[in-house]
Amino acid sequence: MSNLPLLGSVDCSPRYDATSSGSSDDGPTLPLDNIGRSTVERRLLRKLDLRVAFLVLVYIMNIMDRTNVAAARLRGFEEDLGMTGNQFNTLISILYVGYLLTQAPSNMILHRMKRPSLYLSSCMMTWAAITMCMSVVQTYRAAVILRFFIGFVEATFFPGAIFILSRWYKRNELGLRTVFLFCGNSISNAFSALIASGILASLDGVLGFPAWRWLFFVEGALTFTIAVFAIWILPDFPSTPSLWLSPEEQTLAKQRMEEEVVTRIEYEGKPERNFSGLAEALMDWRVWWLGVTLHLIISSTSFTNFFPTLSATMGYSATTSLFLCAPPWIVGTATSFVVARHSDVTGDRFWHIVGPLLVGIAGYIIAISTMNTGMRYLSLFFMTQSPVAYAVALTWVMNTFSQSQSKRAAAVALVSTMASTGFVTSSYFWPSSWGPSYVNSYLICILAGIVSIAMCWVFKEHLSRCNEVAEAKEQALGLPEGFRYLL
């Protein structure tokens, strides 16, 4: 696969830096010969991948602080706060209302910063502190307010992290790193259940507090500690001077992204313009189409927020149910890497979205068909294969919108925002009254998955026609083969 643009990852104008300030402090780009470049590039990618590994750790804490209410539910959380009816579902949903308000503005702010590491670390400390405050709530209303603000601050992280990756990695490198980051979701779902089971089993009654209060306090404190280290470890942008890169690595990091933009501009036939990337994204119908598609993918995989509840339907104790959550997510994480790597190698996005969704649908059908303990546990293994579809789809978004850094930042944030509405609505797909079989819940997820597959197919056909038009133009004008959309 050729080294073609990841999204037009940087501006081609002289103002290439994280703030688009109109000047650069780093001087001209120095060319490297092929042998020297290969060596420096390997070092650069190795260092970058280590930083991405820390991003995964931060994302694990992000998911853990987002979903710990599901574990707390198994040890008296609802009863102690006097919840009735769909109030727990509202508690899940309200967090994502905060997401809707923050994601797009946050990414537009991030695009203008020189030190995104400071911004994301500060946000991390804030949501960690609010999570710790959840340990002292006495009323349902207070819990709802705190959950809203947790989501309001947490929303900065994932689209921001994805945008930072797109500023460092080329198109044929991005899919694997995006899924590597997204695998923090599966890893968190696996090991947060184990951590929660340990806290709930060992700290119940300590200092007179129930176990669920200790759960929020301990996990929030752990997140805050990691946030302090994140100040020095999270990457900034290639144009920001970095102590962890040598001068030639810093030069090559910028050069790689400039090469991506040049290829993309040749394909588009127009340079970067100084108008709002947000306005461009809002006027592009493909942003809205993909936003709805990812909304449906999120809705189809909404079981993730209720996984401990689904595990508990097999009739085991709270501690055992939490332990049983881990193996399906471990298997799902492992296969996610295979799917992501194969998607990058082949350059295919569509089938690597559809495949996991179909496996997840098979899991839903098994769960609908029987209440047998073994078969229902098997269905959980099938279900955990489907969330990787969201990561591949988000990579497809970044591969598609490449006119400018600001448009890419806005497109990622807008699509993520629309996708997050799937969490808001799908929280009500799983009312307790539909348990323990949750047949209606699974049927809704199947429908959402089928519609999202159909929308992905339509989008693939659109990009295919765009590629055909580009090929015909090149042949008519005698031009060499240029940029092609990934399908």
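Cβ atoms are placed via backbone N, Cα and C, with glycine included.
Positions annotated as domain 'Major facilitator superfamily (MFS) profile' by TrEMBL: 51-464. TrEMBL lists 13-33 with the feature region 'Disordered'. For 52-71, 91-110, 117-138, 144-166, 178-202, 214-234, 287-308, 314-338, 350-371, 377-397, 409-429, 441-459, the entry in TrEMBL reads transmembrane segment.
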- Outside the transmembrane segment (52-71), at least 6 residues beyond either end, the same-chain residues with a Cβ under 8 Å of its Cβ set are 77, 88, 91-92, 95, 120, 124, 127-128, 131, 147, 150-151, 154, 157-158, 161, 164-165, 177, 180-185, 187-189, 191-193, 195-197, 200, 212, 215-216, 219-220, 222-223, 226-227, 229-230, 233-235, 304-309, 322
- Dominant neighbour of the transmembrane segment (287-308) in 91-110, 214-234, 350-371, 377-397, 409-429, by Cβ pairs under 8 Å: 409-429
- Message: Can you tell me which recorded stretch out of 91-110, 214-234, 314-338, 377-397, 441-459 has the most Cβ pairs within less than 8 Å of the transmembrane segment (350-371)?
- Response: 377-397
- Item | Considering the transmembrane segment (214-234), which listed stretch of 91-110, 117-138, 144-166, 314-338, 409-429 counts the most C-beta pairs under 8 Å | 117-138
- Query: Over the domain 'Major facilitator superfamily (MFS) profile' (51-464), what does the predicted model average in pLDDT?
  - Reply: 86
